[in-house]
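Q: For reference, the structure I am asking about is given below.
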Amino acid sequence: MDSPAFAVTGMFAAAKVGVTSFTGATEPVSTRRRTSGNVTMAVDAFQKKFQTFGKIGVDYSRPKKLASYKRGGFDAASVEYPNAPSFAGKYSIAPCGQPSGASKILMKYDEYCAKGVLQVFKRNAVPFGVYTTKCTEGTVAGQAQEKRVFNRTMAFRQAQKPVNVRLAEQYEARRKCFILANGCSREEDQFKSMPVSAATFLAGKHESLGTCFRVVTPSNIAEDYIASGVRMQLVAKSNSTGVYGVGSCMEGFAKGDAEARRVAALAAEYRALQQSPAAVTGRQYESSRMAVKLYAQNCSHEQEQLYKWPATAAAFCRY
């Protein structure tokens, strides 16, 4: 037989022979495949929509033109479904429901600055790159993802609030940021025209300093009683009719969320006490100082109470 029965055309590749003693001086055949200099990677549309802050291999020290800046993490047409509630519902306040062209440009710049502010406070909270026991993302597998979903849900509810509620929150956040600016005209101008940066600055300030009643625990029964009374009064003030409004409920939005949030709160209090005495004492001093600056500037009685009971001051800073 000339060839085996199972052999088909193209089954065996032809041998490519270079220069040998049996062949002529032919050009050697290169077996290496040519590759392009630019390596491209296909990114799924869903992954691109929910990407995190920042990208690997991008030099953020060299700013791009504002018109070429593209929003990452959510839709470029509106800031309605971001990663945190402080980014939501700021630029949808318009007579027709749609922001103007100038507002869209300012929206991009405001969000760009807010992301930078957020990164600064993250580095301040974790200066050595290692998270402490104060981290509140979760203690078991799956809780971190649940927290991210909860934050996006909170951002969605934040954008659904009435216009008067959102405006009141913007003006209150601006007032607090003016106080924390300590007379810096440049920061005051930024907080005046950039509501997203103001809300992010306020949230990052409280988070980095630890001025929250979740991490500042009462030292005795009397302090616990006073701090609980302050929290009850603030909740009653924000929900005067007894019915929680859209975006005001912090316990959850589905069955089982409330219990999971309570367990997470107790775990956060436990982890906060595992830090060094210097960190615990520093959070107490920062809570008292922050509450006096923002809420008790001219009342000597409240200042005395806030300096005496740090957990009460942290309850003021929470709401």
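In case you wondered, yes, glycine gets a Cβ from its N, Cα and C as well.
As annotated in Swiss-Prot:
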- 1-71: transit peptide (TRANSIT)
- CYS96: phycourobilin 1 binding site (BINDING)
- CYS135: phycourobilin 2 binding site (BINDING)
- CYS212: (2R,3E)-phycoerythrobilin binding site (BINDING)
- CYS299: phycourobilin 3 binding site (BINDING)
Q: What's the most sparsely packed of the binding-site residues CYS212, CYS299, counting other C-beta atoms within 10 A?
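A: Among the binding-site residues CYS212, CYS299, the sparsest Cβ neighbourhood within 10 Å belongs to CYS299.
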Q: If I take the alpha carbons of CYS299 (phycourobilin 3 binding site) and CYS212 ((2R,3E)-phycoerythrobilin binding site), what is the distance between them in whole Å?
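A: It is 22 Å, counting Cα to Cα.
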